[in-house]
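Down below is the structure, laid out as structure tokens.
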Amino acid sequence: MDTSWSHYVLIGEIANFVAYMFAPAVLVTPLGALSIIVSAVLAHFILNEKLQRMGVLGCVLCIVGSTVIILHAPEEETPSSVAQIWHLATQPAFVCYAAFALVISLVLMLHCAPRYGQTNIVVYVGICSVIGSLTVMSIKAVGIAIKLTIEGINQACYFQTWLFATVSATCIVIQLVYLNKALDTFNTAVVSPIYYAMFTSLTILASAIMFKDWSGQSISSIASEICGFLTVLTGTVVLHSTREHDPTLSSDLYTPLPPIYWHIQGNSETGGKQKEDDLLSGDFITVVRQDYFI
């Protein structure tokens, strides 16, 4: 990764971090699919990667679903202190979710990953998604703490601020390790939609439990948000399924070559012996299988 590209990635992550300060995770996380659209469009114009008609349909579905989510997104009340966020994080419902997430993650990491990680895509992606939902919750808490500190309400004096920061750093490292393993083991076009679906679903669930994003919303608004998310998910799957794959070598290229017959035209000495110079200067006609050449 070159320096300029890493700068763009860093800017994007900072912008995503800031978004969690001002908007609920149920809104910010699904809109991450817009980055897939931007990547596909830029690849079409800059990298000359053909965007097929079904790919355009996938982009349109992502845009429509994102619009529906934005129109029906809940209004979030920003906590007044990290202590208030800690109260939300220690409520019985979220404690049960966090405990369940940790148990599932440990089972996947310690038992399933060594045995099935190389063959089952759900193992690595599941670890990333479950840990990722806790990452978003802790990052949101740190972001709100930074926002309040900038506004003049110092949150550095609370131990909860540093605890949330430690949890964020730990979860990010685990998430990146297993996401890289998933991308190294399986096709990116398969990993991306599965990871997006699992990560976004669990993050929305965790945010709804901890921050009560859907509290006070009507059934129709919640249903509209779910439909919008499913539309975005469908568009993401369609877009990734139509991406052009890198050509791979045929398996028969690794089979042994058949015998090669040489017809040599050139000067030869009497007695059937031919000098090396004459052999190298002769005209060669090689008979081989044509499909061994790309």
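Placement of Cβ uses the backbone N, Cα and C atoms for every residue, glycine included.
TrEMBL annotations: computationally assigned, not manually curated.
What TrEMBL says about this protein:
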| type | residues | note |
| --- | --- | --- |
| TRANSMEM | 20-47 | transmembrane segment |
| TRANSMEM | 54-73 | transmembrane segment |
| TRANSMEM | 85-109 | transmembrane segment |
| TRANSMEM | 121-146 | transmembrane segment |
| TRANSMEM | 158-178 | transmembrane segment |
| TRANSMEM | 190-211 | transmembrane segment |
| TRANSMEM | 217-239 | transmembrane segment |
Cβ-Cβ under 8 Å with the transmembrane segment (190-211): same-chain residues at least 6 beyond its ends: 24-26, 29-30, 32-33, 36, 76, 88-89, 91, 93-94, 97, 101, 121-122, 125-126, 128-130, 132-134, 136-137, 140, 179, 182-183, 229, 233, 236-237, 240-241
Stretch with greatest number of CB pairs under 8 Å, the transmembrane segment (54-73) reference, 85-109, 158-178, 217-239 candidates: 217-239
Distant-in-sequence neighbours of the transmembrane segment (85-109), which means Cβ under 8 A and at least six residues beyond its ends: 79, 123, 126-127, 130-131, 133-134, 137, 141, 144-145, 158, 160, 164, 174, 178, 202, 205-206, 209-212
Contacting positions for the transmembrane segment (158-178) when only residues 6+ beyond its ends and CB under 8 Å are counted: 81-83, 85-86, 105, 109, 113, 124, 127-128, 131-132, 134-135, 138-139, 141-142, 145
